[in-house]
C-alpha cells in the first residue's frame, strides 16, 4: 500500500472516531447500559491501538490485556482516543515505503510471539478499529438509533469535495477498446 493511502486511512480513522463519539455523546440517559457497552468496546480499540503504538515505537507495552478493568468516562476516552489518533496520523505521515516494510518482533498480551511489518501493524490497527466501530453501530441500531455512516468514501468526499464533481462521461468500453491501426 502506498504511504499516501495509509495516511488517508488514518485520517479516516480519526474522522470516524469523532463521528461515533459525537453520536454517543448525545445518547439519551435511558440508554446508559448500552452506552457502557459501547464505551467498553471503544476502550478495547483504544487499548489495542496503544499496544501496537508501543510495538511501533519500541516502547514497553502499556497494557497487559486488551481492555482495562475499569471503564473510563466517554469524555476521558475521547480525549485519549483523539490523542492516539493524532499520533497515528503523524506516524503514518513520517513513513517511507522502506520503513513500512521493516519487520517488528513483539509479544502479544497472551504471551505468544508476534512478527509483523510496520505496514501490517498499521493495517491491523485500521481494520481492527473499523470492525469494532461496526459493533458499536450495531448496538445503536438495536436501540433504534442510526449510527454514523462509517464509510471511507464519505470521508474522502467530505475531506475532498472536488471528488463529488461530475467527471467527463466516457464510454465504459473506451479504456478497453484499442483503436484500429
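Note that Cβ sites are derived from N, Cα and C of the backbone, with glycine treated the same way.
Those TrEMBL annotations? Automatic predictions, nothing curated.
Per TrEMBL, the features are:
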BINDING   44, 128, 132  divalent metal cation binding site
REGION    158-181  region 'Disordered'
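Sequence-distant contacts of residue 44 (divalent metal cation binding site), defined by Cβ-Cβ distance under 8 angstroms and a gap of at least six in the same chain, are 66, 67, 132. Counting every protein chain shown, 18 other Cβ atoms lie within 10 Å of the Cβ of residue 132 (divalent metal cation binding site). In the structure as shown, the Cβ atom of residue 128 (divalent metal cation binding site) sits within 10 Å of 16 other Cβ atoms. Each residue in 41, 45, 48, 129, 131, 135 lies on the same chain as 44, 128, 132 and has a C-beta within 8 Å of the C-beta centroid of that divalent metal cation site, without being one of the site residues.
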